[in-house]
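Novice: Feature annotation from Swiss-Prot assigns active site, proton acceptor to ASP155. The feature S-methyl-5'-thioadenosine binding site is assigned by Swiss-Prot to GLN31, GLU106, ASP137, GLY138, PRO162, with sequence analysis given as support. Per Swiss-Prot, spermidine binding site is recorded for HIS62, ASP86, ASP155, SER156, THR157, ASP158. The domain 'PABS' annotation in Swiss-Prot covers 2-237.
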Amino acid sequence: MELWYTEQHTENVRFSIKVEKEIHTEKTEFQRIDVLEAKEFGRFFTLDGLMMVTEKDEFIYHDMIVHVPMATNPNIKNVLVIGAGDGGTIRELTRYSTVEKIDMVEIDKRVVDICREYFPLTSCKLDDKRVNVFYEDGLKFIRDKEDEYDLIIVDSTDPFGPGEGLFTKEFYGNCYKALREDGILVNQHESPYYDNDAAAMKEAHEKITKFFPIIRVYQAHIPTYPSGHWLFGFASKKYHPIKDFDAEAWNKLGIKTKYYNTDLHVGCFALPTYVRDMLNGLTD
């Protein structure tokens, strides 16, 4: 009998992957976690049935959520990552010798434990001496932070369930306060393609625009996320991701990536017309 993983993208659209075996499943205090093995995408895990990470395409997401802001401001030293229990975002950040401190906040310790056990590809740098892991709600963690971080990356789940609070106006206001005077906020921005995802994306984007003077949106193709068309939000107090971008300086670092490059850095901010119309002037 064949085993398939299926995610409901809309009432009329489903995405399926043929599964070779089930590796682990459990219900934590916060959510259900499943680890599966597939011939096409390798090992992957889901939270409450929603795709989080696959071994085959994780590099796309993690390259884009990290290297775009890091290349925009080469002087980033203190970073806060909210979510990111799989460790992929941390892995990419630790490639920069200039980064001095990385605080990672994950609400569900079991996500980290499971990824340490089953996903060494992404979790391999969680024990880096610069990394501090806090198991608590990111919304609460950031409330008492002020003028502390150069970069905040919100590598959260979707805007419901445990990650719901990370899409609120209060949260984005606290992120602004926690950033230094030239700080950058980057968050996964959902997909613009299906109506429900697009509505969540637009709502989150509108909230961020209330606080930051520089607002942009960029994109990547991630095959296992809904529609494959995925957006990231870039919000900054000072640095513009294209006008202040020094491609030559980043290339001199010699960081080898599988997806990100300096040509793509500029190109990923060129949005399709339907996305630009959806944002309706909500970028600088």
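Note: Cβ is positioned from N, Cα and C throughout, glycine not excepted.
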Novice: Along the domain 'PABS' (2-237), what average pLDDT does this model show?
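Specialist: Mean model confidence (pLDDT) across the domain 'PABS' (2-237) is 94.
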Novice: Let me know how many other Cβ atoms fall within 10 Å of the Cβ of SER156 (spermidine binding site).
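Specialist: SER156 (spermidine binding site) is surrounded by 20 other Cβ atoms within 10 Å.
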Novice: In DSSP terms, helix, strand or coil for the residue listed as 'active site, proton acceptor'?
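Specialist: SS state of the residue listed as 'active site, proton acceptor' = strand.
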Novice: My understanding is the cutoff is Cβ-Cβ under 8 Å with a sequence separation of 6 or more in the same chain; which residues meet that for the residue listed as 'active site, proton acceptor'?
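Specialist: ILE65, VAL81, ILE82, GLY83, ALA84, THR89, ASN187, GLN188 - these are the non-local Cβ neighbours of the residue listed as 'active site, proton acceptor', listed in sequence order.
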Novice: Rounded to an integer, what is the Cα-Cα distance in Å between ASP86 (spermidine binding site) and GLU106 (S-methyl-5'-thioadenosine binding site)?
Specialist: 10
Novice: Round to the nearest Å and give the CA-to-CA distance linking SER156 (spermidine binding site) with GLU106 (S-methyl-5'-thioadenosine binding site).
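Specialist: Checking the Cα atoms of SER156 (spermidine binding site) and GLU106 (S-methyl-5'-thioadenosine binding site) gives a distance of 9 Å.
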Novice: If you skip the near sequence neighbours and keep only those at least six away, which residues in the chain come within under 8 angstroms of GLU106 (S-methyl-5'-thioadenosine binding site), Cβ to Cβ?
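Specialist: Sequence-distant Cβ neighbours: GLY83, ALA84, GLY85, VAL112, VAL133, PHE134, TYR135.
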Novice: Fill in the CA-CA distance, GLY138 (S-methyl-5'-thioadenosine binding site) to HIS62 (spermidine binding site), as an integer in Å.
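Specialist: Answer for this pair: 19 Å between alpha carbons.
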Novice: If one looks at the chain holding HIS62 (spermidine binding site), which residues at least 6 apart in sequence have a CB under 8 angstroms from its CB?
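Specialist: Listed in sequence order, they are GLY88, THR89, ARG91, GLU92, THR122.
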Novice: For a quick check of understanding: among the binding-site residues GLN31, ASP86, ASP137, which residue's Cβ has the most other Cβ atoms within 10 Å?
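Specialist: Output for this query is ASP86.
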